[in-house]
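**Q** Below is one structure. I have some questions about it.
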Amino acid sequence: MSVGVWAVIPAAGRGVRFGSPVPKQYLPVVGRPLIVYTLEALAAHPAVCGLMVVVAEGDLAWSGWTELAGKPLLTCSGGVTRAASVLSGLLALPQVVHADDFVLVHDAARPNVALSDLERLLEAGCAHPVGAILAVPVRDTLKRAGSDGSIDGTEPRERLWRAFTPQLFRRSQLVRGLQVAAADGIEMTDEAMVMERQGLRPLLVECAESNFKITTPDDLVRFEFELARRV
């Protein structure tokens with residue numbers, strides 16, 4: 001595709017669920033910080049023309065990179081929530097990124113997105129009136145639990161998907177939706193939710209299961225295995 005996009009990568013989280021004293025995006029993987037793999041995966045696509053990494057205020061672990069694969073790599077300070085950090089990143093984008101331009105938002109701890117999946121997201125999302133997200137259909141059987149921990153019932157899974165990233169939307173629509181949600185005190189857990197709240201219906205683009213997020217130590221082991229397979 002010929003349309004150039006910037007990517008916003010919220011990386012201000014502390015990784016509390018991971019249980020490490022080091023934020024998980026900076027954990028060493030084969031001698032390099034995890035976030036480097038994420039940034040390289042995005043920068044590898046020719047349509048990605050710049051990266052905005054949103055770091056925590058006073059982040060001492062960030063190495064101060066300003067360029068990756070010949071593309072500008074900028075930083076700004078994030079907020080206390082993921083949504084606040086995404087909003088900060090969107091507002092800090094350079095002037096070359098216009099209000100109606102599409103922007104990618106991608107988790108810092110999701111380092112294994114395939115170039116082919118990114119290509120399909122950009123092709124489908126930029127042709128869609130709203131935008132699109134990478135996602136995976138739910139394939140497991142889902143059970144609804146009662147308050148006592150027993151099974152209350154089985155949920156139909158035919159139309160359920162697991163939302164992944166990157167997610168691709170127009171900058172102005174995301175900014176507006178995030179600002180309104182913040183004013184209303186509503187937590188937005190992903191960008192698609194922001195669009196849904198505006199009455200918009202983003203497109204689902206199926207991607208590989210290997211585009212998983214590093215949330216637990218087991219996930220990190222899995223990513224190391226994926227890296228070994230590349231050799």
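For all residues, glycine too, the Cβ spot is worked out from N, Cα and C.
Take a look at what Swiss-Prot says about it:
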SITE      Arg17  site 'Transition state stabilizer'
SITE      Lys24  site 'Transition state stabilizer'
SITE      Arg157  site 'Positions MEP for the nucleophilic attack'
SITE      Lys213  site 'Positions MEP for the nucleophilic attack'
**Q** Measure the Cβ-based neighbour count of Arg157 (site 'Positions MEP for the nucleophilic attack'), defined as the other Cβ atoms within 10 Å of its Cβ.
**A** 13
**Q** Quick one: Cα separation, Lys24 (site 'Transition state stabilizer') versus Lys213 (site 'Positions MEP for the nucleophilic attack'), in Å?
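**A** Here the two Cα atoms are 11 Å apart.
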**Q** Pick from Lys24, Lys213: which of these recorded sites has the biggest number of other Cβ atoms within 10 Å of its Cβ?
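**A** Per the Cβ count, the most surrounded site is Lys24.
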**Q** Could you give the Cα-Cα distance between Arg157 (site 'Positions MEP for the nucleophilic attack') and Lys213 (site 'Positions MEP for the nucleophilic attack'), in whole Å?
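**A** Answer for this pair: 22 Å between alpha carbons.
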**Q** What does DSSP say about Lys213 (site 'Positions MEP for the nucleophilic attack'): helix, strand or coil?
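**A** Note: Lys213 (site 'Positions MEP for the nucleophilic attack') is coil by DSSP, not helix or strand.
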